[in-house]
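*Asks:* So Swiss-Prot lists these for the protein:
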type	residues	note
SIGNAL	1-33	signal peptide
DISULFID	Cys34-Cys39	disulfide bond
DISULFID	Cys56-Cys100	disulfide bond
DISULFID	Cys59-Cys73	disulfide bond
DISULFID	Cys67-Cys90	disulfide bond
DISULFID	Cys74-Cys80	disulfide bond
DISULFID	Cys107-Cys121	disulfide bond
DISULFID	Cys115-Cys133	disulfide bond
DISULFID	Cys122-Cys127	disulfide bond
Amino acid sequence: MKCSVLQMSRLSWTACVLLLPLLLLTLQGGVQGCFIRNCPRGGKRAVDSVQPTRQCMSCGPEGVGQCVGPSICCGLAIGCLMGTPEAEVCQKENESSAPCAVSGRHCGMDNTGNCVADGICCVEDACSFNSLCR
């Protein structure tokens, strides 16, 4: 049976149209989550429909803070510790494929951040001073 060039072109086009969605679904399924503070904007979590279901790890003296970044530990009683031995435990959050949820009162633009220490509000990729967090 001979196939004309036109038939082959239609066959190739149909195969591409059918295989492209399959390829995209496969790639999306292979994407792993990442630590809530080190994902690129619009990156891994943007395609992940699962919301964080676990609290971020405790850190700091006597575990009174919470991890809000790979080397950042914040708490109401301790402020924010960055790059200190007490914040080193926060590196373990990077090993988890599931993002964690930072606890604290909502703050920031459109209430997308959380108060993590006295006067400090952290959003997805940055922390700043915020009078709502007092």
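Glycine is treated like the rest: Cβ placed from N, Cα and C.
Map the listed features onto the structure and describe their local environment.
*Replies:* Around the Cβ of Cys100 (disulfide bond), 20 further Cβ atoms fall within 10 Å across all displayed protein chains.
Every protein chain considered, the tally of other Cβ atoms within 10 Å of the Cβ of Cys59 (disulfide bond) stands at 26. Under the DSSP three-state reduction, Cys59 (disulfide bond) is assigned to strand.
The local packing around Cys67 (disulfide bond), expressed as other Cβ atoms within 10 Å of its Cβ over all shown chains, amounts to 28.
Reduced to three states, the DSSP call for Cys80 (disulfide bond) is strand.
For Cys121 (disulfide bond), the number of other Cβ atoms no farther than 10 Å from its own Cβ, over all displayed protein chains, is 25.
For Cys115 (disulfide bond), the count of additional Cβ atoms within 10 Å of its Cβ stands at 22 [all protein chains shown].
Take the CB of Cys122 (disulfide bond) and look out to 10 A: across all protein chains shown you find 26 other CB atoms.
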*Asks:* Measuring Cα to Cα, tell me the gap between Cys56 (disulfide bond) and Cys67 (disulfide bond) in whole angstrom.
*Replies:* 6
*Asks:* Can you tell me the CA-to-CA distance separating Cys122 (disulfide bond) and Cys115 (disulfide bond), as a whole number of Å?
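*Replies:* Cα-Cα, rounded: 6 Å.
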